[in-house]
Amino acid sequence: AGPQLDVSCFAHDKNIGSRTEQLSVVHVASAQDCMKECQALPTCSHFTYNKNSKKCHLKAGAPEFYTYTGDMTGPRSCEHNCSDACWMDGNNPLAVWDYSGQPPALCWAACMGTPGCDLYTFQGMTCKLYSQTSSKRA
């Protein structure tokens, strides 16, 4: 077994699921294994893992959160935890999401799962998605 993946950037005990369309469902032993499955699929932006059923739901698209007992929703990777005005605001974002209480890495997952999204900002609780033509790098 290789090094353990970092799964510290999202809540494991808040019962947060994602309604986003799923690519597939697999049975795995842990959130780390679920993240590994997501990373193996090029179009997987995030996943929902249920610690009770051990089901790993692999998702493509921006996370759409809801409450479900035992669920935890995490990004493809915890490496993308940029926050605090990583990108300057453009005039017309592709999408604006209220991600109250969610980690910046799930805003990155929303960008990855949104066609045309190249950049994102995560300020306060707001995740904004941009194409390269709608914003400039800070």
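Just so you know, glycine gets a Cβ as well, placed from its N, Cα and C.
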C9: disulphide-linked cysteine among C56, C78, C82 [source: Swiss-Prot]: C78
Record Swiss-Prot, residue C127, disulfide partner from C86, C107, C111: C107
Candidate cysteine (C34, C44) that Swiss-Prot pairs with C38 in a disulfide: C44
For the carbohydrate site built from S18, K59, Y66, D71, further residues of that chain with CB within 8 A of the site's CB center: I16, G17, R19, T20, T48, H57, P63, E64, F65, Y68, T73
Cβ-based isolation winner (fewest other Cβ atoms within 10 Å) among the disulfide-bonded residues C9, C38, C44: C9
Entries of C9, C34, C38, K59, Y66, C127 which, being recorded positions, have CA atoms within 10 angstroms of C111 (disulfide bond): C127
Largest inter-residue Cα distance among S18, K59, Y66, D71 [record-listed carbohydrate binders, Å]: 14
Inter-residue Cα distance where the pair is S18 (carbohydrate binding site) and C34 (disulfide bond), in Å: 14
